[in-house]
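Trainee: If you scroll down you'll find the structure; I have some questions about it.
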Amino acid sequence: MNLIPAPRRIERNGGSGPFGGDVRTGVDPAVGPEAYRLVVSSGGAEIVGGDDAGVFWGRQTLRQLTGPDAFRRAPIERGPVTVPYVTIEDRPRFAWRGFMLDVARHFLPKDDVLRYVDLLAAHKLNVLHLHLTDDQGWRIEIRRYPRLTEIGAWRKRTRMGWGEPVLWDERPHGGFYTQDDLREIVAYAAERHVTVVPEIDLPGHSQAAIAAYPELGNTDVVDTAALEVMTDWGINRNVLAPTDAVLRFYEGVLEEVLAIFPGQFVHIGGDECSKEQWRGSPTAQARIRELGLRDEDGLQAWMIRHFDRWLAARGRRLIGWDEILEGGLAEGAAVMCWRWYRGGIAAAEAGHSVVMCPQQEVYLDHVQAHGPEEPVPFGWVHTLEDVYRFEPVPPRLAGTPHAANIIGAQANLWTEVVENRSRVDYQAFPRLVAFAEAVWSELPDPDERDFDDFERRMNTAHYARLDALGVGYRPPGGPRPWQQRPGVPGRMHGKPRRTWRMAD
Ligand code: TNX
């Protein structure tokens, strides 16, 4: 059977027969969260889920059993569908099975986001993390601060690729989601048991906000009124000022965010905050002294802790990139570990929930094969097989009580070199399929995993499902001519990347 992600237990009841679409469903909490039992027989299909999500995942499995055409948007006339008679018992390994889309570097229209919700659901992935703000664009309507999108959602031009020669796409770029668009995305996702996690990145990655409201920046060291929405890539010096006015401003932003996104977690970024301006800013230095902090890192930690408490007081939980660990975190806050495994291990050992998304393993903006024909090659090479062998629980935590703090994992797709839906498809697929199996299925240790079997299931069924879905994946033989970007430079990282054994 060619199911992906592989279910925990399959029993063949012998034979197969036509399927007329008869599905009976029920919920029995004893089955467990997100778990299901699917029985297919000559009498039709029966799905008992531990909850509504379990029933829904059971339906996704049944859909795969009925063949690739089930993934088209409407039935095509091809005669009766034959299904194997089976009993399947299945449940996810992790509660957080996520995918991050960076809609800040390149805006992705609402319709494309909704389509990704469908693609995640078909693979039993259940978290869509939207990276909504960055130096290069602010993508969420905030009614009390209209300039965030009037100014912050648009940039004059865009750096093409990330290396030499320096090339520009001279067309202005931008876009944003209205609050109603986002409510629609949240509701559409909820119908498919996908939670949308919004990210408002602070105090770094904030130049688009500063371009809109110059008083948010370090006005005593730079002329922030002259700043524009950033047009190229990399870690940026222009960060938020550590003032009360800035805290109040972002509380205002987050109040509107909370009203749109009902989920437990709110992501406040916290990554890659340059300390250069704070070192030179009399205002920042006075703040450090006044708060009795050691240095600029303490200042960043103080800002993060402020929002940690602010969110907790409103019944939500903060999640942020692993830099937020550096100043000590309140109970309840969660960490997204992107720099190797170290931060995730420390956070899990300190009792925090951790989502593993190491860039050395599951960054889908990174290139997926060697070779000159790969479009705008960036990062390390993560092949389909590498992603299939991704293990969220590092060896040092395996078998310890801290392992339970690894609540899941996430594949991240940054979009500096990924400018539209077809490039997103190319980077995400097929690797997101391997990721889905790594976070749903109970797989052995990385080196023991049967990648040949996974590849067989891809070749005999899953590429046909992706074709039916209209996904512009990277074919196993390499990019099609129109998927290449000759002449647009990338930026490859140097070090080798197989890391899971080096995790601690
Ligand atoms: C690091 S991951 C970043 C992003 C970049 C990405 C490129 C993280 C928290 N920060 O801002 O887009 O690398 O791979």
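Yeah, the Cβs are placed from backbone N, Cα and C, and that goes for glycine too.
All annotation found in TrEMBL is predicted automatically rather than curated by experts.
According to TrEMBL, the feature region 'Disordered' maps to 1-24, 474-504. Sequence annotations record features per position, and here TrEMBL assigns domain 'Beta-hexosaminidase bacterial type N-terminal' to 15-90. Feature annotation from TrEMBL assigns domain 'Glycoside hydrolase family 20 catalytic' to 94-442. Per TrEMBL, active site, proton donor is recorded for Glu272. Residues or ranges marked as compositional bias 'Low complexity' in TrEMBL: 474-491. Residues or ranges marked as compositional bias 'Basic residues' in TrEMBL: 492-504.
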Trainee: Grab the same-chain neighbours of the compositional bias 'Low complexity' (474-491) for me: Cβ-Cβ under 8 Å, and only residues 6 or more beyond its ends, written as numbers and ranges.
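Mentor: That would be 160-165, 167, 367-369, 371, 373-379, 384, 417, 422, 426, 429-430, 458-459, 463.
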Trainee: Can you count the other CB atoms that lie within 10 A of the CB of Glu272 (active site, proton donor)?
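Mentor: Other Cβ atoms found within 10 Å: 14.
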Trainee: Can you break down the region 'Disordered' (1-24) into helix, strand and coil residue counts using DSSP?
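Mentor: So the counts come to 0 helix, 13 strand, 11 coil.
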Trainee: Just give the helix, strand and coil counts over the compositional bias 'Low complexity' (474-491), going by DSSP.
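Mentor: Tallied per class, the compositional bias 'Low complexity' (474-491) gives 3 helix, 1 strand, 14 coil.
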